[in-house]
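Going by Swiss-Prot, these are the annotated features:
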COMPBIAS  1-22  compositional bias 'Basic and acidic residues'
REGION    1-28  region 'Disordered'
ACT_SITE  His334  active site, proton acceptor
BINDING   412-424, Ser450, Gln551  CoA binding site
Amino acid sequence: MPDLEKDMQKKEKDSRSKDEPAVPKLPVPPLQQTLQMYLQCMKHLVPEEQFRKTKSIVEQFGVAGGLGESLQLILEERREETTNWVFNYWLDDMYLNNRLALPVNSSPAIIFARQNFKDVNDQLRFAANLISGVQDYKALLDSHALPVDFARGQLSGQPLCMKQYYGLFSSYRLPGHTKDTLVAQKSCVMPEPEHIIVACNNQLFVLDVGINFRRLSEGDLFTQLRKIAKMAENEEEMLPPIGLLTTDGRTEWAEARTILMKDSTNRDSLDMIERCICLVCLDGTSGVELNDTNMALQLLHGGGYHKNGANRWYDKPMQFVVGRDGVCGTVCEHSPFDGIVLVQCTEHLLKHMKESSKKLLRADSVSELPAPRRLRWKCSPEIQAHLASSAEKLQRIVKNLDFIAYKFVNYGKEFIKKQKTSPDAYIQVALQLAFYRCHRRLVPTYESASIRRFDEGRVDNIRSATAEAFAFVKAMIDDKPALSDSEKMQRFKDAIAAQTNYTILAITGMAIDNHLLGLREVAREHFKELPEIFTDETYLTSNRFILSTSQVPTPMEMFCCYGPVVPNGYGACYNPQPEHILFCISSFKDCKETSSDMLAKAVEESLLEIRDLCNKCSSSTAKSLAKQEEATQLRSDRKL
């Protein structure tokens, strides 16, 4: 990719399919609405004295003719001049400015059902099948033939922006010393042969998947993968595990990459990686009991450098892991696209593989296929020092992660729907109750809400720690003996309503997080100092998401997981099924306040307690209705 080193700030425009409906521009919410919602969101989460100070600062910011209105006008002008007024601000803030290492901290993983590979050929057949599915899906993208997504859940039926899909196989996150760059591959009329990178035994190989404008068959791919597996065993050809460098902090990796780029051999190898469609990581055995928790850990960090942690290249958006022991899934660099896009793509691949696996796959004997190429590296002592440092830091990440994949089996979304409640709102309120049960407080909570109803829309935040949720959790724990079941039920309904209303605001572009971010970044561009509203302790607190949550629903046999976003926080990803709910809960062992196992147990207690409350109240409602019917019948009988 010749322009990788250039400053590429502008996102490449995707050509829209003629069948793809136009979606509107993201609105800029009214200033006063956002300021009032901000105060409402934070009032019960900070000390009273601190809130009084914040309220005064916010009122000053929002005064008629004041600074807030000036910044709002600039944002509204920006909306007219750009496709999406918050896109670049959000991308920088959420991902590209973040200096933390990608494993656990940023890159989510999807774990497939465990495969039963009898031998290495089974592993390679699975990988060949998967690569064939990637080619199939990429062909849909290249021809803009992917069916348009429509919104589900709240306000369902609206068409969604499809641009994120075109970053699945054409993007690359380039490390920078202070800020990363999201690079998009430029399409050309006569494309060169497409290739993927195969990681095997910490070595990297180029596998051409199209030769002479002919797509390789699964048999061809299997043949080539067998060659790679054999090449990777050659001890004499073994090179340092350069993929380890991508597990480091972004600034450290940028420094190491600058050193690598001084040598032409390294430049050529980096260029091949940066232009590839995706990675396929042929992992060795993990050496652990293969339950959901341990399989997820293998995808999140590979078990460290002495297992499969160096058999990766984290800058590439799509890494497909195929482990010798049947641990398979996807590791995703999150900056080009959101979770639902990753899930839709993965679902398509798994369906393709299920259909394709019915055929017996044999190696094709095509002698004219060129052998895959091993990527070569020239490693200076400086790079060797970087590799040693990266390996040590990856081990720290591995040891520090406290993770559990927990299946709640007592009920699922079918029971929740019978309560005439959104499963997502119900689970979010249950998570607030669980957190309060563990820590006796609520904290700023992040739940991602898609804004793909708008052009270039990514996500905004549903702030689930509402005042109504706070009233409910206190009723269930602090005021339990004093309140009747009907009073608790009313507070539960209020919490569900508040969560649902905020969700609707978020998906329609009216939530507060993106708006406040836009105002802050416009102020940064136009003034020497940030306005006090953005340096105030309450604003800083509001952006430390101690509870980071996401619903990733899928009917397929797979699940998603990720790490916490702050040192004293939790990641909580969940997949509601008809009769169970799967939770993936993460925290850090360094933090003595948090425990993933403790939160998982609290989630179970909370879900059972809410179910019992619903059952009691529906039972008493049924009895009350029966009594009313009986009284009506008696009056009727008397008249007769």
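From the backbone N, Cα and C atoms, a Cβ is placed for every residue, glycine too.
Shown here: features listed in Swiss-Prot, placed on the structure.
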residue : record                       : Cβ contacts under 8 Å, 6 or more apart
His334  : active site, proton acceptor : Tyr95, Ser106, Ser107, Pro108
Gly412  : CoA binding site             : Pro576, Gln577, Pro578, Glu579, His580, Ile581
Glu414  : CoA binding site             : Pro578, Glu579
Ile416  : CoA binding site             : Ser422, Pro423, Tyr426, Ile427, Pro576
Lys418  : CoA binding site             : none
Lys420  : CoA binding site             : none
Asp424  : CoA binding site             : Gly153, Thr503, Gln551, Pro576
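The sparsest Cβ neighbourhood within 10 Å, among the listed binding-site residues (Ser422, Gln551), is found at Ser422.
For the recorded site, Ser422 (CoA binding site), the DSSP three-state label reads coil.
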